[in-house]
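Enquirer: After the structure tokens below, expect a handful of questions from me.
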Amino acid sequence: MGFLDINNVTKSYGAVEVLHKVDIEVQEGEFLVLVGPSGCGKSTLLNMIAGLEGITSGEIAIRDRVVNGVHPSKRNIAMVFQSYALYPNMTVGQNITFGLEMHGVPKADRDRAMADVAKLLQIENLLDRKPGQLSGGQRQRVAMGRALVRNPDVFLFDEPLSNLDAKLRVDMRTEIKKLHQKLGTTIVYVTHDQIEAMTLSTRIAVMYDGYVQQLGTPKEIYDNPANLFVASFMGSPSMNVLPARLRDLNGEIHAEITGAEDQSLHLRIENAPESYRAYLDAEVMLGIRPEAITDPEGADRNARNIQSLHNTVSVTEPAGADTFVSTTLSGKDCIARMRADADVHPGQAFDFAVNMDKAVLFDPKTEERIG
Amino acid sequence: MAIASADTAIRSSSFSRVLIYLVLLLFALFYLLPFGIMLVNSLKPLEEITGGNMVSLPREWTIAPWLSAWSTAQIGVEPTGLRPYFINSIVMAVPAVALSTIVGALNGYVLTKWQFRGATLIFGLLLFSCFIPFQIVLIPMARILGILDIAGTTTGLILVHFVYGIGFTTLYFRNYYAAFPTELVRAAQIDGAGFFQIFWRIMLPSSGPIIAVSCIWQFTNIWNDFLFGASFASGGSAPMTVALNNLVNSSTGVREYNVHFAGAIMAAAPTLLVYIVAGRYFVRGLMAGSVKG
């Protein structure tokens, strides 16, 4: 039993099932991020936890208390909405204490709680203003204040940063993370931004098409994606997925791909699991993260199996900190992430260093991970 | 070439501007003319009017016709003036406007934020009530007022106008609240506010423009209504419009046109006042929801 239990929960609208048997157990103090493209069901799931949408089947329990059918205000949750949903006719102070007032907390206690939260979020000087007079970042703080003041069991965030400009989004992201570390609250956070998911969470549930595709720590999700969807959704630029054939050369398994001039290239796979043998001479999808393809000097020194790959560079894109280098492999554009000062030039041949420790294989038909 | 054409553009624009204002001024004068004649003649002694000089200013200014219309003129059989009927109209219009606006707001709130099966159908039916001509409901309404035993009273008239107004006010509020963010209602739900608390504390305080629209529309319609007033209120409980008709049609002695004019202005004054005070909200509220931002 976790702190927040989602047990085999489904959601249907009429005959259409939009969430299929979701099963997640959240521990106290965890920061769970639900991430996925729009329409994957993540917001629906969050609204079901909040009690704003009904549960078709299954159970949601907070602190071992089943809350199916319990009114949102009785679940001891707080929610931060995408549009902040601040009451336009009330001052910031009234916005923050409205929930306490509705729960019958005496005025003196309300004022004390408001003062604490205002201090925590540094919005003391805004308390008498109306939401219309605040900037986006300030509204975001007030919305969080309104959630914090109730001291709920679970915080729910519905894409809270998507209305902010890029710089403010990064600042607020750090701030939310700090707040979580400081208060140790349990948070369920919905976003479509995989970077937010990676940076904030202690665990991520990647959702697609009403299914939880994978549930795990950011590192597990990133390094060991369960299927092709998770592999390509998480990470920016996304993982290079190349059609390849597994070959047995001298008793060792190699992935065979083709280079820019249709030449065959072989990448040795060390410690290949037995399951790879079933795919010998068959087509597989080889997944390599851009940062696992570098120039030889920039390669990871802890990697045990670095394979050299001689191929033509098609495009270089200097991005300041890194240089992204494109090359054609197996007929597809493949992106390598290199040091800013790597000596690469478009049109020239280059020795790419591929860290095969990090390579993963997928079945092309089921799109599931092999191994 | 470019400069020359720019020059003529400026000249023609200032010329057309003068022309536009001239035409607007003419139209304004044209529309104000009847009111001006009413006002001028209500301040003349009767002899000046019967002497055939309706357009010219009074030679002898007097407010006697106004006093007479207000408190002593013959209305039907009683020489009471329009005052009691003016009060009747206020007693009728204020509660009817308030009730229909509040119920319209509640309807709009439920139809947009507490969607239920058949909500669209119910809204359609309510909307349909806006298109039913007054004459069709006269007989059924008379029957209902009879059953409720409030036929011929101001209370009865309040009920009639209240019920008849719900269609319009619901239409206004539903369209206004359709553009009102649902997330606010959800946030209030999580905060623990109930159905009516959300309505009073969140929805209504943000409904200023549409409340103004609803009140102006309802007040104008109810105040100016003649048919329901003539049909469902008799004698002492008649509204201002019916009393004005009685004043003009009272056939004892000479026709006091100056008193009639004064009475007509009195009957029109409250709606005029409402438009002058709240007119800008009216335009703003009607536009709200039609254009984003």
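Including glycine, each Cβ sits where the backbone N, Cα and C put it.
Nobody curates TrEMBL annotations by hand; they come from automatic prediction.
For reference, TrEMBL lists these features for the protein:
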DOMAIN    B:86-278  domain 'ABC transmembrane type-1'
TRANSMEM  B:18-40  transmembrane segment
TRANSMEM  B:85-109  transmembrane segment
TRANSMEM  B:121-145  transmembrane segment
TRANSMEM  B:157-177  transmembrane segment
TRANSMEM  B:198-220  transmembrane segment
TRANSMEM  B:226-247  transmembrane segment
TRANSMEM  B:259-283  transmembrane segment
Enquirer: Kindly say whether the transmembrane segment (B:198-220) and the transmembrane segment (B:157-177) touch, using the definition of 3 or more Cβ pairs under 8 Å where each pair is 6 or more positions apart.
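Expert: Checked: the transmembrane segment (B:198-220) vs the transmembrane segment (B:157-177), in contact.
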Enquirer: Count, for each of B:18-40, B:121-145, B:157-177, B:226-247, the Cβ pairs lying under 8 Å from the transmembrane segment (B:85-109), and report the range with the highest count.
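Expert: The stretch with the most contacts is B:157-177.
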Enquirer: Output the single range from B:157-177, B:226-247, B:259-283 maximising the number of Cβ pairs under 8 Å to the transmembrane segment (B:18-40).
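Expert: Ranked by Cβ pairs under 8 Å, first place goes to B:259-283.
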